[in-house]
Amino acid sequence: MGSGIEVNDSSTTNSNNNEKVQLSYNMKLALATGGIMGSFLLYGILQERLMVVPYKNADGSEEYFTDSTFLVLSNRVFAALMAIVIVLKRGESLKNVAPLHKYVGVALSNFCATWCQYEALKYVNFPTQTLGKCGKMLPVMLVGTFISGKKYGLKDYSIALTITTGCMIFFLTGKISNNESSNTSYGIILMALYMFFDSFTSTFQEKMFKGYTMSTYDQMIYVNGCSSIISVFILILNGRLFPAIEFISTHNGVFFDSTMLSASAGLGQMVIYYTIKEFGALVFSTIMVTRQMVSIILSTLIYLHPLSNTQWIGALLVFGTLYYKSIEDSKKKHGGHSHGGSNAATTTTPSNNSNNTEK
């Protein structure tokens, strides 16, 4: 009888422990989800605020902030400094693992991708920009095929084409320009260039991780550092460094908005790394799809972007396909299978681009 009591006590203890572990897991997941949603929703709102809403001068007149390169510089400096602080706190070495020219190649494509993203907002609205970035799966797959020799299955290409179709429905059936511009074709070209450069960034970074034993913070420091140098060089070359600083100093709110933009991007990177480490890229991908959908809804409410019914259908087609892809990838993972589809998920998942947080 005594032994029976001991067994019951043991099973009760195990049950309580399992409940505590599950509660801890759920709390961590909730914090990770809240961190990603909060940081990147704030980032999206501030990004649109900086690029498409005018700022007031001291005399009451209004001007637009036009220096996308300066925003890239601000974000990269903040991210590099944050990574340096973390590395020093962990007692790790700041020495570069890969040759410097490897980081420069990633930084250059990363800079071009981010610059194109900011510039595009001058010509197309935020929902268009966000949905356009969801359509980068096909370019990433093509770049991965030609650069890394990856192979993808018919299902991978079907998913990519469905997402691309949803994007085209969105682009062709309603207004996609911002309130101040009618030159949407230039904005679409910039978004295409963004996807091209971002695809190269993801592929180059993946090759670096495979070729060298390095931490994500090593890439953060040196890629962001190189990107900062590139940004300063371009600002000096086109004579925009000091005018950008002057604009920030003479217009209320620009400094605060740009600082918060950089802080939310840096925080977003940290939460991304934590989420992938604790829960995996598939959970992160699902969170990011939800975040992108919510950001479009918020943008339409805050900045009054009119979307047609067919545009909403196109958006739902894109996000529905992305959710389906996450479920399929999860089944493959738990089934112990790995093929081209998981590679597609890896290269198109925002988390794998550790420096381009502008998702």
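Using the three backbone atoms N, Cα and C, a Cβ is placed for every residue, glycine included.
These come from Swiss-Prot:
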type: TRANSMEM; residues: 26-46; note: transmembrane segment
type: TRANSMEM; residues: 68-88; note: transmembrane segment
type: TRANSMEM; residues: 157-177; note: transmembrane segment
type: TRANSMEM; residues: 184-204; note: transmembrane segment
type: TRANSMEM; residues: 228-248; note: transmembrane segment
type: TRANSMEM; residues: 254-276; note: transmembrane segment
type: TRANSMEM; residues: 300-320; note: transmembrane segment
type: REGION; residues: 332-359; note: region 'Disordered'
type: COMPBIAS; residues: 340-359; note: compositional bias 'Low complexity'
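Long-range neighbours of the transmembrane segment (254-276) within the same chain, counting only residues 6 or more positions beyond its ends whose Cβ lies under 8 Å from a Cβ of the stretch, are 32, 35-36, 39-40, 42-43, 46-47, 49-50, 55, 65, 70-71, 74-75, 77-79, 82, 86, 216, 220, 247-248, 283-284, 287, 350-351, 354-355, 357-358. Relative to the transmembrane segment (300-320), the listed stretch 157-177 leads the set 26-46, 68-88, 157-177, 184-204, 228-248 in CB pairs under 8 A.
Most Cβ pairs under 8 A with the transmembrane segment (68-88) among the ranges 26-46, 157-177, 228-248 are made by 228-248. Residues 126, 130, 257, 260-261, 264-265, 267-268, 271-272, 274-275, 278-279, 283-284, 287-288, 290-291, 294-295, 298-299, 302, 357-359 of the same chain, all 6+ positions outside the transmembrane segment (26-46), place their C-beta atoms under 8 angstroms from a C-beta of that stretch.
Through the fold, the transmembrane segment (228-248) approaches residues 63, 65, 67, 69-70, 72-73, 76-77, 80, 107-108, 111, 254-255, 258 of its own chain, all at least 6 residues removed from its boundaries and within a Cβ separation under 8 Å.
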